[in-house]
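So that you can see what the record holds, here are the features copied from TrEMBL:
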- 274-286: compositional bias 'Low complexity' (COMPBIAS)
- 448-459: domain 'EGF-like' (DOMAIN)
- 264-286: region 'Disordered' (REGION)
- 472-490: transmembrane segment (TRANSMEM)
- 558-577: transmembrane segment (TRANSMEM)
- 583-602: transmembrane segment (TRANSMEM)
- 618-639: transmembrane segment (TRANSMEM)
- 645-664: transmembrane segment (TRANSMEM)
Amino acid sequence: MAELSSRPAQKLSKYGWYGNVRLQRFHIPEETAIARWTFTVTRGNSFYCGQHNVTVYIRWGAPPVINPTDCVFPNGTLWNPSLSLILPVISQNSTMFNLSDPAPGEWFVAAHLPEDDGRIEQKGFPSCTYFFQPQLSVRRAVDTPVLPQDAFLTQTASFEQPARLKLFVPEFASSLSVSVRDCSSGEAAESGNCWLLLSLGSASLLQRPVTVNCSGMSCSASLVNPPWDTWLRVVVESSQVNRSMTFRITWSYTEGCKPRSVGLEGGDEFKKPQNSSSQSNSTSANTTEVSNGFSFANKSSALPTSLTVSACMWSVPVLYEEVDVLSLRFTAANGSNVSVTDTHPTLLTYPLPSQATGGTLNLKTQNDHVFVGCSSTLPCSEMFCIYEVMAWASLMSRVCYASFSSSCGNASVVSVVPELSVSACVEDCGSYGECRLLRSYSYLYAGCVCKAGWKGWGCTDYSSALSYGRQLLSTLLLTLSNLSFLPAIVVATRRFYITEASVYCFTMFFSTFYHACDQPGVAVLCIMDYDALQYCDFLGSVCSIWVTILCMAQIRAIAKYTLFMLGALLIAMSMQLDRKGLWNMLGPILCAILLMASTWVYRGVRRRHCYPPSWKRWAFYLIPGLCCALVGVCLYIFAETEDNYYYTHSLWHILVATCVVFLLPPEEKQREALGWSRGFRWRWSWRPQICGYTLCESSKQELYTVT
């Protein structure tokens, strides 16, 4: 039976942090024989972009943990690399990847472009774009026979059609063995040669099935520590082409450690963990008991009495609390302290729900004389297991190393405080990072975005970090460069362009404090919400350009101030829709330039003379102002990168403010018509009435007449 699943094409991004990765999730059902992924990358534009390499990662059970920039992981971090494919793309590339007998469950595919070069691309300009679309087709086996225990089943296998079977692994099984006997090909000459390939388990890329190449009449394959309470796949195929093999197959298992009883005894009590964090989240966290038995509430430091000395390990029940999104906390049901002996290991089982695979598993123990095995046997006191999945067990056994023999003494029991939790990011990304929640359709995961030159999975790699002096210099340049608007404000005020001067004051103020709040690192000052500062900075910048060009047009006052208000409202609306869009700046600029050019052409044609008429105005004001504006725009669009931003953008502030000083037109001669005389000199406007008559004032002479 064949099944096909596809995902919509997504635009790829250059890798800077995990949020630039395009993550897709696929589900492979049980009894899948073959899985085939088809990865298609297409170029989204028509012009030539050269060859780019797209990196694709595949992982079972959890999102891939990747490190394309070779950064340093946080100390004590366990992670496994994922399978990666490099797809060279010029215009289009379609690559297929086949996997036989894949592990059932969730599979994740991630893709990204090469590392970001740091260049700041302005939104709206044409650029090379690539789209990634994965597809998955699976072929499932139908009516797979169940392999009986301690009973032989006769099967036939060939090279083209292998025999597929399955068996159920019970709880507490420590090992199992699958045996093949009485193998024959039906030909008398080769009846003693088996020529079979026996495989146990599924392929998850990080772990291959156990494979045995059989020869002779019989063979067997063993699996140590098989997964409990799950179906195990058995595949038998002939290693000879065009030849079928008949055989008999069976299996058996052994129980290395099994408790005498599980569950709750009479008089036992259930005890929730009592700590400050649990109490503070008691109204929002869901608590679940996830073990097969309870421990005694009044025996938190003692061993469970339900297990006798003949038992091979102590099993401690565990509680978990859903604290927040991608945040779980596990605690021993009988209290935070767990007793560990030197004769029996203590087992704590932590089943992780599937929605927690997008986070980080954290384990800490507060005892140096405890041997901790977490998926692999490692002595540790603090550990981060990134993106682990399924049931996860911590097996602790007291071990006295030579260097610790004096502190171990003759004590037979020690107390351990294991702290295991699931968090969104490793140590909340540290002081120079921010943990952000990401989403791929309905699946949630998290990643760290680093700042101030820090990088890595947990923002702990300081190889390219900015020093405090560099951070302070960046903040001072980007904020103090806005003081270059002061000459523009003074010139506008002296020429009675009060509205324009007010807009320049608004721009200078919010640009200064926006860049003070926008800085990475510790040299930061935010006087209000970051989003509000950014909105006001972008709005003031575009409005400053708008009012300056309209002022240069020198149209009538009523028309100019109407356009001031109408343009400010439209700019505010467009900034709310997309404040970083290209046309939010180009639209008002082009409209204002078109209006200014129309008025200048009209006056030039009417006067039969170039406008403005003075060559000094062109040589000493307009041309230098236009040059400053052109250089500033080129720096803003083409030259800014992450590394030089602090001085190229500061130069942009200076050039824009300088061009305003040059481009503002001279003081208008007829200020009375504009209303500025009345605005600065108040006059008495009350007219008395005498015997029902009103005294009328002549606007030309100080004469009063009675009407």
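Backbone N, Cα and C atoms are what each Cβ position is placed from, and that goes for glycine too.
Remote same-chain residues near the transmembrane segment (472-490) are listed as 466, 501, 504-505, 507-508, 511-513, 515-516, 518-519, 523-525, 646-647, 649-651, 653-654, 657-658, 660-661, 664 (criterion: CB distance under 8 Å, separation of at least six residues from the stretch ends). Across the range of the domain 'EGF-like' (448-459), the DSSP-based residue counts are 0 helix, 4 strand, 8 coil. Here the domain 'EGF-like' (448-459) has a mean pLDDT of 90 out of 100.
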